[in-house]
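Peer 1: Please read through the structure below; I'll follow up with questions.
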């Protein structure tokens, strides 16, 4: 068994101000996505300018924060937030949903594409490879917060989390950081480096994320207010991954054999 590091959730305190690791991880994710976007935009034939990346990332940030928070409230704990509306704004304590954040980003990208007169799916293809680093940092934030731990296990790398009871558990946050952050980034970044049919990069992102998240949910403790939804193992996270997988497969297969569009557009 490994010792849980017990990192103070507060990274820096300046008088009454507290800067928490969870919030800083989101900041690191936004910065990494912005930097990667500018790097991709600088490549010949990308069809993007750095200023356009700045504008698009700004729209996406609002989509992530608003969509992620609203998604968590609606999908995971509506009853609690209906009774404690002030808690809606306490984002630093956690409570963000990837699927809600994804919907928020898609809506923000749609608004940006409409304003910039760009094809929606082409913009999503450009954005998709920029997302996994943010997922990596977000899961590290979950780990530092000691939340979203895994199910009990006897594996040698199990950890006892501060609020997870006396049982050693899967560090499922780290599993997700590796799969959804590192592996997903490597696959989608490589795939998007060549010309692909419009929507194919977005499709690969959706399919791989759904597979990785669905798999990790088997060793992740479900949210206590929801538990398992069916069959003694099906979680809300897995349910939300099903349409993502379906849409991703459709995007991958719909233009199979079609002419490839501009890379990273």
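Glycine residues also receive a Cβ, built from the backbone N, Cα and C atoms like all the rest.
Below, the features straight out of Swiss-Prot:
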- 11-31: transmembrane segment (TRANSMEM)
- 56-76: transmembrane segment (TRANSMEM)
- 91-111: transmembrane segment (TRANSMEM)
- 120-140: transmembrane segment (TRANSMEM)
- 173-193: transmembrane segment (TRANSMEM)
- 198-218: transmembrane segment (TRANSMEM)
- 233-253: transmembrane segment (TRANSMEM)
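Are these features on the surface or tucked inside, and what touches them?
Peer 2: Same-chain residues lying 6+ beyond the ends of the transmembrane segment (11-31) with a Cβ under 8 Å from its Cβ atoms: 57, 61, 64-65, 91-94, 133-138, 140-142, 144-145.
Here the transmembrane segment (91-111) has long-range neighbours at 20, 22-23, 56, 59-60, 62-77, 120, 123-124, 127, 131, 135, 138, 141-142, 145, 147-148, 213, 237, 240-241, 244, meaning same-chain residues at least 6 beyond its ends whose C-beta is under 8 angstroms from one of its own.
Residues 25-26, 28-30, 32-34, 36-37, 40, 48, 56-57, 60, 64, 96, 98, 105-106, 109-110, 112-114, 173-174, 176-177, 180-182, 184-185, 188-189, 192, 196, 198-202, 204-205, 251, 261-262, 264-265 of the same chain lie 6+ residues outside the transmembrane segment (120-140) yet bring a C-beta within less than 8 angstroms of a C-beta in it.
Residues 98, 119, 121-122, 124-125, 128-129, 131, 172, 175-176, 179-180, 183-184, 187-188, 191-192, 233, 235, 237-238, 241-242, 244-245, 247-255, 261 of the same chain lie 6+ residues outside the transmembrane segment (198-218) yet bring a C-beta within less than 8 angstroms of a C-beta in it.
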